[in-house]
């Protein structure tokens, strides 16, 4: 997307997100109500909160898997994804083993994604590559390799960040590189540190096709 989206166009690309450890059932119900009001694409919640979000109704539900470290055993990630889908989620955002990517073990990264892909057949699968870490501790080829592994494993999206790592969240450089590597075959979700309308528009113009936002209302209100 190039140029300035309308409020409705931007909202339709947003996963309205709440992943804090202290999140309550009431918080998730309020998140879903706000999501329906704002007209976003989906909400993104922890696996244990999927039933609450589904019961609240009126919006698609995405769940994270292996979040936020990505260090879970692949079979655990697969089980977590399957449980979320059985509870009514339609999309899975999984975290790869970042350490495996950094040391060049792309086969391990690919097989990890394949395990979740098999458990999430028919669902949209987004693969979180923690782009700020991969770009900050190595060079561009590590991020490129991780994105290619996601594509080879059958993912639908690559996603920049958990939003939890001190290295940072989405950047224009990372989104551009990810889009150049796998777009338009895969979508690119920018997430982490997108706090203003200008941030959101910059990510879309860099090639993002979905946005993960926690402060969605403020971002939408900031559109001129």
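Just so you know, glycine gets a Cβ as well, placed from its N, Cα and C.
In three-state terms derived from DSSP, residue 93 (active site, proton donor/acceptor) belongs to an extended strand segment. Taken from Swiss-Prot, the feature active site, proton donor/acceptor applies to 93 (among others), supported by sequence analysis.
The active site, schiff-base intermediate with acetaldehyde annotation in Swiss-Prot covers 159 and is backed by sequence analysis. In sequence order, 93, 126, 127, 128, 129, 188, 189, 190, 191, 210, 212 are the residues of the chain that are 6 or more apart from residue 159 (active site, schiff-base intermediate with acetaldehyde) and have a CB within less than 8 Å of its CB. Under the DSSP three-state reduction, residue 159 (active site, schiff-base intermediate with acetaldehyde) is assigned to strand.
When secondary structure is read from DSSP and collapsed to three states, residue 189 (active site, proton donor/acceptor) falls in the strand class. Per Swiss-Prot, the feature active site, proton donor/acceptor maps to 189 (among others); the stated evidence is sequence analysis.
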Number of other Cβ atoms within 10 Å of the Cβ of residue 93 (active site, proton donor/acceptor) across all protein chains: 28
Around the Cβ of residue 189 (active site, proton donor/acceptor), the count of other Cβ atoms that are within 10 Å: 28
